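Straight from TrEMBL, the features:
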type: DOMAIN; residues: 40-475; note: domain 'Major facilitator superfamily (MFS) profile'
type: REGION; residues: 481-500; note: region 'Disordered'
type: TRANSMEM; residues: 49-73; note: transmembrane segment
type: TRANSMEM; residues: 121-140; note: transmembrane segment
type: TRANSMEM; residues: 146-165; note: transmembrane segment
type: TRANSMEM; residues: 186-209; note: transmembrane segment
type: TRANSMEM; residues: 215-235; note: transmembrane segment
type: TRANSMEM; residues: 276-297; note: transmembrane segment
type: TRANSMEM; residues: 317-336; note: transmembrane segment
type: TRANSMEM; residues: 357-377; note: transmembrane segment
type: TRANSMEM; residues: 383-402; note: transmembrane segment
type: TRANSMEM; residues: 414-439; note: transmembrane segment
type: TRANSMEM; residues: 451-470; note: transmembrane segment
Amino acid sequence: MKIPNILNKNGSMNVNSAVAAKDTTTAMEVTSTGGKKCSVFGIRHLQCFLLFCGLSVAYALRVNLSVAIVAMTDKNATNPDFDEYDWTEKTKSLLLSSFFWGYVVTQVPAGQLARKFGGKIMLLSGVFICSLLTVLTPICARLGDWQLVCALRVMMGLSQGFLFPSTHTILSKWAPVEERGTLGTYSYSGTQFGTVVMLATSGVMASSVMGWPSIFYISGGVGLVWSVVFFIWGASSPSEYRNISPEEKKLIETSLGSSSEDETTKAPTRTPWVKFFTSVPFLVLTLTHCTHNWGFWTLLTEIPSYMKNILGMDIKSNALLSALPYAAMFLMSFVFSALQSQLSKRECIPLSVSRKLFNSIGHWIPMITLVCLGYVSANDTNLAIILLTITVGINGATYLGFQVNHIDLSPNFAGILMGITNCAANIMSIIAPLIVGFIVTDEKNPEQWRIIFFIAAGFYFIGNLLFVLFGKVKVQSWNDAQPKHSTNGKRNSTFVESQH
């Protein structure tokens, strides 16, 4: 590590350099403390593992209906001993989108509530309620048909709206600056892991002696078990965890430079709502997030139906292969993260080019594969699966594109910006499955599915084009500057650069 020169030419001490030297020395001491006195697996890693599991469970609960609905509407595809529901494609699309009706409502206030009451209680409440409602899904389907299931999914969406703001709040308290990228990536990779596990196993569960209800019973039961574990061992911050070692607690607090008083002093007092919505870079970011969600969630919710009705796959093969694209995305996110890290270390390209490059990879390559997918015949099953895997897997590059642009524009208000764009984007997640229901009137008509793929490709093209032309990485004027000696802005930038 390079030590700054703290002497002027005349031999007197340079005050600014002395401060820099002190900060550098402190950083070295923290690293040394972490290396010598803190165990390789500490309490912060335990919290990270619990977050990984919690996000895995939450996403499993979110996507379980995508495969279960195939079995619920065609008992001959799995175990015929369980109820079958005569739901039209429009009804199924309505059910698949209903989750997001509630999800968008709690996005913006979730961050404020997590900050006020603590990330643990909000995350715990959200996952527990969602798990309990999942267990009740088969009973509600029997008692109230699709109408009651729809209402249940809305409530599940409301509870999961606290997921990401709460997770981000917890990580901000537990992850030292030097480890934020690694711990953040490990935690958030649970979203794809949960999707893969749920899609891969749901077909097997639906075909078992327990039938399709087991998809809801098992996934909901796992969520309840996680809630108990997180209640016992989870914590919002190191100060709330009694058994943390003094060395590890010192490592975290020294790295963050945190005390509750400092955080209160440094926090901006006003939120410039009007300036948010008059900022061109932020509006472009919002539109890009919306177009991304249209394509991503169209595929996530409709791949099982496409594989069954167009590619003619049974539900077991369907479920396993439906999980393959998300397994690819799970792995590719780490590949792109490593690539970006090398480009950053070697200073090959500026940050603005990096953002737009990875966003273009994550949007325009899937755009091309979606167009190709529209012309694949039912006989070319392997080609269709390859194209689907590429389409979803390459999406992992967007973690280094628009998805981290919020912190570029405003380090102080990044959480609120994410809540706003995620709220707007998930409205698209509601609309996309509904559009599928209106266009695909014949599930076995490949030409109707071609239209769906072309629409998604068009959204990918427009969204990234706007981001390339008008996206910015410069901190906006409405970002209230931190005090002169604060390093929060710099630290947050480091976190986002390596988080995904």
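Indices start at 1 and increase along the chain as displayed.
Cβ from N, Cα, C; glycine included.
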Handout entry: For the transmembrane segment (383-402): best-contacting stretch of 49-73, 121-140, 357-377, by Cβ pairs under 8 Å
Key = 357-377
Practice task
Given the cut-off of 8 Å on Cβ pairs that are 6 or more apart in sequence, determine whether the transmembrane segment (146-165) and the transmembrane segment (215-235) share at least 3 such pairs.
Solution key: no
Handout entry: Recorded stretches the transmembrane segment (414-439) and the transmembrane segment (276-297) touching, at least 3 CB pairs under 8 Å
Key = yes
Practice task
With pairs restricted to those 6 or more apart in sequence, evaluate whether the transmembrane segment (215-235) and the transmembrane segment (186-209) have 3+ C-beta pairs under 8 Å.
Solution key: yes
Problem - Selected stretch (most C-beta pairs under 8 A with the transmembrane segment (186-209)) from 121-140, 276-297, 317-336, 357-377 - result: 317-336
Exercise for the section: Sort out the residues at least 6 away from either end of the transmembrane segment (276-297), same chain, that have Cβ-Cβ distances under 8 Å to it, and list them. Expected result: 100, 359, 362-363, 366, 370, 392, 395, 398, 402-403, 405-406, 409, 413, 416-417, 420-422, 424-429, 431-433, 455-457, 459-460, 462-464, 466-467, 470-472, 476, 478
Problem - Contact between the transmembrane segment (49-73) and the transmembrane segment (317-336) (3 or more Cβ pairs under 8 Å, separation 6+) - result: yes
Fill in the blank from the handout: Given the transmembrane segment (317-336), its same-chain partners at Cβ distance under 8 Å and 6+ residues beyond its ends are 66-67, 70, 185, 189, 192-193, 195-204, 206, 299-300, 303-304, 307-308, 358, 361, 385, 388-397, 399-400, 500
Completion exercise
Model confidence over the domain 'Major facilitator superfamily (MFS) profile' (40-475), as mean pLDDT, sits at 85
